[in-house]
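S.K.: This structure is in structure tokens; I'll ask about it shortly.
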Amino acid sequence: MAHTTQLTMVGTGSAFSKKFYNNSALVQFTNGYNLLIDCGHSVPKGLHDLGIPLESIDGILITHTHADHIGGLEEVALYNKFVLGGRKIDLLVPETLVEPLWENSLKGGLRYPDEDSPEPELSDYFTVRSLKTSDYGVAHTQIEENMAVRLYPTVHVSHMDSYAVGLVDRGEDKVFYSSDTIFDEYLIDYALTYPWVFHDCQFFTGGVHASLDELLNYIPEEDQARVFLMHYGDNLEDFFNKTGRMRFALQGRTYIL
């Protein structure tokens, strides 16, 4: 068991990044539970390069169904089934995404594991744990006695539900993780109630993520030091020393929360 909650950035890149792995974080709670937030197509390689075996992951939380956030789930499912003898880990999925995650994304690659098996379902590969959602504000789900998840609806792209995540360890708010969202003043106000904030960031204004300029202009200077920027493009170095007191989350770096 750890004495502190820790967050390791497995990947920090945008959907089209070639320098960085898909944006993903591994959170170790003080009870020893290892929760991976999102699992895009390059995340299994990112875990491997960090020396983190899939066997050590207790659960995966999905924030939305874009490929750079779920594209690695097929590999995890098949590895657990055929290499680890049918091991099933937790899959924490917002209740609105359980059906589309399987029907629209994973079913094509996982539908027929072998000829003699009945047609599988998502629950044949994972222990599916549905997370409460709300169209407005926050929804709270207790995962274990000392571990809870809060979901905040985000605006990312039309016709897709997506969520930011607040993590609670032993009754203490630990970190706000935006996943993917356009600039949203109300969401940032929620975020700043947490001790630490990991927020997605793009280097131009307009599009489906908050821009660096929007975040700089809205977040008070006294709060910026608690904010780490993630989900950025390959031209990261062009923006060194241009983030105010905010910092870039670094791929492979572990943060004590």
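Glycine is treated like the rest: Cβ placed from N, Cα and C.
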S.K.: Looking at Swiss-Prot, D68, H69, H231 are annotated for Zn(2+) 1. Which of D116, D124, D180 sits in that same site?
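M.R.: When Swiss-Prot describes the Zn(2+) 1 site, the candidate it includes is D180.
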S.K.: According to Swiss-Prot, H64, H66 bind Zn(2+) 2; which one of H156, H159, H199, H209 is listed for that same site?
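M.R.: Checking H156, H159, H199, H209 against Swiss-Prot: the Zn(2+) 2 site match is H156.
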S.K.: Determine the most Cβ-crowded residue among the binding-site residues H64, H66, using a 10 Å radius around each Cβ and all protein chains in the structure.
M.R.: H64
S.K.: Look up H69 (Zn(2+) 1 binding site) in the DSSP assignment and reduce it to helix, strand or coil.
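M.R.: The residue in question, H69 (Zn(2+) 1 binding site), is helix (DSSP, three-state).
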